[in-house]
Amino acid sequence: MRRKGTKPSTACHQEEGPPPSQDGAHSDEEMEQPAGEAESAAPAKPPGEELDNRSLEEILNSIPPPPPPAMASEAGAPRLMITHIVNQNFKSYAGEKVLGPFHKRFSCIIGPNGSGKSNVIDSMLFVFGYRAQKIRSKKLSVLIHNSDEHKDIQSCTVEVHFQKIIDKEGDDYEVLPNSNFYVSRTAYRDSTSVYHISGKKKTFKDVGNLLRSHGIDLDHNRFLILQGEVEQIAMMKPKGQTEHDEGMLEYLEDIIGCGRLNEPIKVLCRRVEILNEHRGEKLNRVKMVEKEKDALEGEKNIAIEFLTLENEMFKKKNHICQYYIYDLQNRIAEITTQKEKIHEDTKEITEKSNVLSNEMKAKNSAVKDVEKKLNKVTKFIEQNKEKFTQLDLEDVQVREKLKHATSKAKKLEKQLQKDKEKVEELKSVPAKSKTVINETTTRNNSLEKEREKEEKKLKEVMDSLKQETQGLQKEKEIQEKELMGFNKSVNEARSKMEVAQSELDIYLSRHNTAVSQLSKAKEALITASETLKERKAAIKDINTKLPQTQQELKEKEKELQKLTQEEINLKSLVHDLFQKVEEAKSSLAMNRSRGKVLDAIIQEKKSGRIPGIYGRLGDLGAIDEKYDIAISSCCHALDYIVVDSIDTAQECVNFLKKHNIGIATFIGLDKMTVWAKKMSKIQTPENTPRLFDLVKVKNEEIRQAFYFALRDTLVANNLDQATRVAYQRDRRWRVVTLQGQIIEQSGTMSGGGSKVMRGRMGSSVIDEISVEEVNKMESQLERHSKQAMQIQEQKVQHEEAVVKLRHSERDMRNTLEKFAASIQGLSEQEEYLCVQIKELEANVLTTAPDRKQQKLLEENVSVFKKEYDAVAEKAGKVEAEIKRLHNTIIDINNRKLKAQQNKLDTINKQLDECASAITKAQVAIKTADRNLKKAQDSVCRTEKEIKDTEKEINDLKTELKNIEDKAEEVINNTKTAETSLPEIQKEHRNLLQELKVIQENEHALQKDALSIKLKLEQIDGHISEHNSKIKYWQKEISKIKLHPVEDNPVETVAVLSQEELEAIKNPESITNEIALLEAQCREMKPNLGAIAEYKKKEDLYLQRVAELDKITSERDNFRQAYEDLRKQRLNEFMAGFYVITNKLKENYQMLTLGGDAELELVDSLDPFSEGIMFSVRPPKKSWKKIFNLSGGEKTLSSLALVFALHHYKPTPLYFMDEIDAALDFKNVSIVAFYIYEQTKNAQFIIISLRNNMFEISDRLIGIYKTYNSTKSVAVNPKQIASKGLC
């Protein structure tokens, strides 16, 4: 059953609307209105209701370029194809059904009526965004499958799968990598729908953009022909009847792409109409102002006549006043002649006197300024030196004090440490001594017991040897008993002697300390005295050597200054010579490379055989490197040779011919004078520089030759600027760019490219120079360079000597100042030590021991020592005897008795040490308290002295830092001032010398000037009288002001020449003429305001004319742009139209086997006025309009047009629903064969019930319906036929 459809050209079927909601869904009512219908619903605005105020450039720039073809028509180009369609619960398809796969070229869908064939097309329309009504449904929810077996389904989905392929032979093809994608649309029960691209949620706009980018024509729906619509394509009206209606003209315009120009053409047309209206208004204003201006012209002329008369009268007054002044000046001249005779001989003296006076004033002022400056700097240096000397003295004093205080602090620290250790030691003496006594007593008792044991052991040993040593042993025992008595006496005597000695040492300790301090003080006094003596001698030596060093330093500095100046002069000379040598070498190199013709001509010039030769034109001038390429590209005459005249040029030509050297072109300067007037500056577009003005020459005569070569060629930065500048309305210019591109006055363009010309003209003018001259310059450069090196070496030696002398001088000064400052400190130290020695000597006397007490203690020590010595001597004798006996016994007993005896000796020795330790401990306990009190007093005194000394050290360090900072500042200031002092002193001496010379000259001139003064005073009185009269007449002339007349510039009061003044013989006649003119002026009564009013109207008239010209120019620009766009639209349309109509004719002839069809213009002069008519001549019939054809003929005509449009603008996909319904068997076969054979770069999916259509297809998609659900099956007819299955 066929469906009623609408023609695809009247509306677009895709969705457009507001953005989707958050869930991405669209409602059927809100979102599925076609864009074309939305446009038709909006009322058209009248052209004058809203004016487009964009500039012409903005309007033209807003025009998009012609749309590119969506896909290529040539073989092997990538194209889009549908692989298969997946329907899920869509219309008659229950569940998920896959339709396909479709063939890459020709697929037919077949099946019985009502099986769901057209639902295949509907599924694609659904995905492509068509409204529900276009898919034969009232709303989207109706598209969801509903049958007895499948109820309450909530949604339906259709997926169309695409891929891009490259065709190969036969049915084979290559799939482009990553080109597969699918577009799906899902509709819900609430009539909303969502789109997905390859599973990702998208808007319909994204889907539309994607499909358009792959060549699917969603805008004109050429890919889709539904039931009954095939003939409606050809039946469109020639042109749309309304603005939003679409006929054949609009249909073709959209396909060709020139429709994009319609809106800009309308805008420009409206702007031209409005500008014409405005221009009419401006023209009327000009005429009105011109009429008012003409009405004021009579009064204006009368006023001008009056002003002219007054000007004539003022001129006459000017003449008579000048005559009177001239007469007085002649009288003054006579007197002046007398005056000149008087002081003619003294004129030079007066001038010299004035000059000397001015010089004297200037020099006196300069001397005062320099003296002030010099005094200020000198005073500043002296003040700083005094400050530094004082600071250095303070520094030495503080350092000496700091040194003494630091030394004192170190000694006190050591003393304090010793005193503290002594206090701690004395504090622990009683306890330690008691502990020692207890421990020693215990140890002594233990040793006594041990000795008894060892003696018993020894006795046992000796008993064993008794028989052998019995006699000796008895004798030894007797001696030992005697020794035991002696040992007790010895220990007691030794203890008494050591106690007495300790008491004597403690009693004499303070006195011994005082004696030690006195000895050290005397040694320090000797050291200070020797240092003072050495420094006084050093000061005397420095005072002798310092002046000699200073004198030597001055001489070296003078020599260094002289060498420095010589070095500067020589370096400057060497630098200049180096530049000259480099320029000479460059010039020589360029001269060598200029060619044999130019070399021969230049050689003739140098030899003098052909005078008047200047040289190659390019070598006679220079230009900035920026313009090198420009002038090298556009000026062919740079290689011409410049000569003074045509005769010289002829001589050069004859010379070249005679010697067969070559040919050359010459410029004769005597023929170039015709260009002199045109060489002046000119006004150029955009102030573009003229190349001629950029050329620099040494000889101004050559400029005419350069103008001849360049004329008014301009140089632009780039080709865009060059194009703007070259094509001016009133004149065309010759322009060259910095890249060498040239635009001639004729409009032709040349130059540019990858290789450009450069180097034909240098950045400096080249002089002729020989190899000998270059060698001479190089020799001179080498000589001066060696001399500069020698002076530099001498300078370095002098600089080193000056540095050494300055160091030596500075060291002497510092040493002198330090020694001078330290002498006082050493003297004070010497005095201090003397006082200290006296104090220490008094202290020695104070601490001197009592002689009686000392003698008593010494006598005690002596008595105890004698007692000890006497007892010890006796004990020693007994002990020696015991030892002898013991040794004898030992010798007898050999080694048996020796070990035991050694043990016993060791114990005896330890017992002696214990006795001595107990004695010392007892003495220490007795003297500990007294010594502790003295030691604690000493610690307190030392700590107080340390605090005072530390405070003194910190104060001295702070003072020393302040002194150093001040000294550094003073030194820096002094150095800065001393650096500027020599220059100021030199300037002062020079000024004084110059001033002395001027004073001597001035005194000589004053004597001569005095005698002349008296004579001149008499003459000056007469001249003054005449001058006062001249001033009066000059004042009268200054009052004379001429009136400006019309637009002429105001005339200045003429100054008569001497000849004109002498020609005035009768001044009274001029006076009479002035009186006559005054009478005429009094009779006239003009309106002088008429001139200003006329001028005002004239300015307004010119302003109105300028406005008229401006709007006329703007109107012309818009009108020209309007005409250009109309022409462009026509050209684009006709180019596409001829391609389409020719292909239409070819297709129709093929489809009908002899018929003819064409698209013809209703109005051959203007295709856009009446539109396009589709005319057809079926085979063996006459030409007919499309409306008069049969159904089959209309179908064939429409298909021919569809295929012609495909040829012009290919579309990858075509869907056709029973396009062969109205065709007979023969025509169906022709159409099917045409689709199969001719259209190989597109995919056709056709629904057909005609066997001669679907039998020829590459793939059949069978549609059948069972159990209220549509199914499909795909087969390849050719494969089935090849297997013999049909």
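Using the three backbone atoms N, Cα and C, a Cβ is placed for every residue, glycine included.
Copied from Swiss-Prot, the annotated features are:
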type	residues	note
BINDING	Gly111, Pro112, Asn113, Gly114, Ser115, Gly116, Lys117, Ser118	ATP binding site
COILED	270-589	coiled coil
COILED	768-1018	coiled coil
COILED	1068-1133	coiled coil
DOMAIN	611-725	domain 'SMC hinge'
MOD_RES	Ser21	phosphoserine
MOD_RES	Ser27	phosphoserine
MOD_RES	Ser40	phosphoserine
MOD_RES	Ser141	phosphoserine
MOD_RES	Lys379	N6-acetyllysine
MOD_RES	Lys677	N6-acetyllysine
MOD_RES	Ser980	phosphoserine
REGION	1-51	region 'Disordered'
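Here the features listed in Swiss-Prot are placed on the structure.
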residue	record	Cβ contacts under 8 Å, 6 or more apart
Gly111	ATP binding site	Lys117, Gly1262, Ile1263, Tyr1264
Pro112	ATP binding site	Tyr1264, Lys1265
Ser115	ATP binding site	Ser92, Ile1263, Tyr1264, Lys1265, Thr1270
Gly116	ATP binding site	Lys91, Ser92, Tyr93, Ile1263, Lys1265, Thr1270
Lys677	N6-acetyllysine	none
Ser980	phosphoserine	Val377
Considering every residue in the coiled coil (768-1018), what is the mean pLDDT value? 75
In the structure shown, with every protein chain counted, which of the recorded positions Lys117, Lys379 has the densest set of Cβ atoms within 10 angstroms of its Cβ? Lys117
Which of the recorded positions Asn113, Gly114, Ser118, Lys379 has its Cα closest in space to the Cα of Ser141 (phosphoserine)? Ser118
Not counting Gly111, Pro112, Asn113, Gly114, Ser115, Gly116, Lys117, Ser118, residues with a CB within 8 A of the CB centroid of the ATP site are Ile1263, Lys1265, Thr1270
Among all protein chains shown, how many Cβ atoms are found within 10 Å of the Cβ of Asn113 (ATP binding site), not counting that one? 9
Which is it, of Ser118, Ser141: the one of these recorded positions whose Cβ has the most other Cβ atoms within 10 Å? Ser118
Using DSSP, what's the helix, strand and coil tally for the domain 'SMC hinge' (611-725)? 65 helix, 18 strand, 32 coil
Would you count the other CB atoms within 10 A of the CB of Gly114 (ATP binding site), including those on all shown protein chains? 11
Whole-number answer please: how many Å between the C-alpha atoms of Gly114 (ATP binding site) and Lys379 (N6-acetyllysine)? 126
Between Asn113 (ATP binding site) and Lys379 (N6-acetyllysine), find the distance joining the two CA atoms and give it rounded to the nearest Å. 128
Where does Ser980 (phosphoserine) sit in DSSP terms: helix, strand, or coil? helix
Rounded inter-Cα distance in Å - Ser118 (ATP binding site), Lys379 (N6-acetyllysine): 118
